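Step one of this worksheet: look at the structure below.
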Amino acid sequence: MASIRRDIDPHDLEDEDDATEPKSANMAPAKVDIPRIEHAVREILIAVGEDPDREGLIKTPNRVARAYGELMAGLQDDPRRHLKTVFNERYDEVVLLRDIEFHSLCEHHLLPFTGRAHVAYLPDGKVVGLSKLARLVEGFARRPQVQERLTTQIADAIMEELSPIGSACVIEAVHTCMTIRGAKKHGSTMVTSALRGIFKENSASRSEILSLMYSKASSKV
Ligand SMILES: Nc1nc2c(ncn2[C@@H]2O[C@H](COP(=O)(O)OP(=O)(O)OP(=O)(O)O)[C@@H](O)[C@H]2O)c(=O)[nH]1
Ligand SMILES: [Zn+2]
């Protein structure tokens, strides 16, 4: 397998996006039904024995509705759009973007799971701007998810849009539904991987990409 030439901290990225496109940090909120969520949140507050009309809670239903608009922003987005602008580059070495921070919602409990995604591909003529990999992760994360699906959606989107020789996604995340409630296993981290193309078929390539992804082992999930 060709050796890695790019190993980039996403926080160092220059963003070359079109100025009209919403930035990943400020992804346009989803158009959620605000009154309906407000009503539901008010009902939850009553159901748990709270007084939704006390001063501290009076604006809470609206705040929660707006927060869901942000947390679900990916639902009305097609994250694959970020892979449509490609450079036809004669570049045949691995591109790896490591430690892409993300925040998602576990679809079982609607509680956050947060962590880092490591995304790589071995191009076959088509290369995208690195920030697009971060936007891809963000778009798939901002919706009710399970970590396995998030991981495969990212790897599959890269395979389908860029037709590379291989793609890989590894995600390390902490699920608050397991740390703050339920099993209450603080410090447990879920790790998932999706390998496609050469990274799935060739054991040497698979070992190399996984060791590169883990080499800065993310104890910082
Ligand atoms: N595989 C997988 N499981 C998840 C993910 N997010 C949450 N879960 C799990 O989904 C499961 C839902 O289990 P249920 O038995 O239906 O729900 P529950 O009674 O709240 O389960 P506990 O969390 O064990 O209390 C739990 O085991 C969670 O830990 C995820 O991304 N992937
Ligand atoms: Zn959960």
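Here the Cβ of each residue, glycine as well, is placed from N, Cα and C on the backbone.
Curation does not apply to TrEMBL; its annotations are automatic.
According to TrEMBL, CYS106, HIS109 bind Zn(2+); the candidate from CYS169, CYS177 that the record adds to this site is CYS177.
Under DSSP, CYS177 (Zn(2+) binding site) is assigned to a helix (H, G or I) in the three-state scheme. Counting only same-chain residues six or more apart in sequence, the Cβ atoms lying under 8 angstroms from the Cβ of CYS106 (Zn(2+) binding site) belong to PRO112, PHE113, PRO144, GLN145, VAL146, HIS175, THR176, CYS177.
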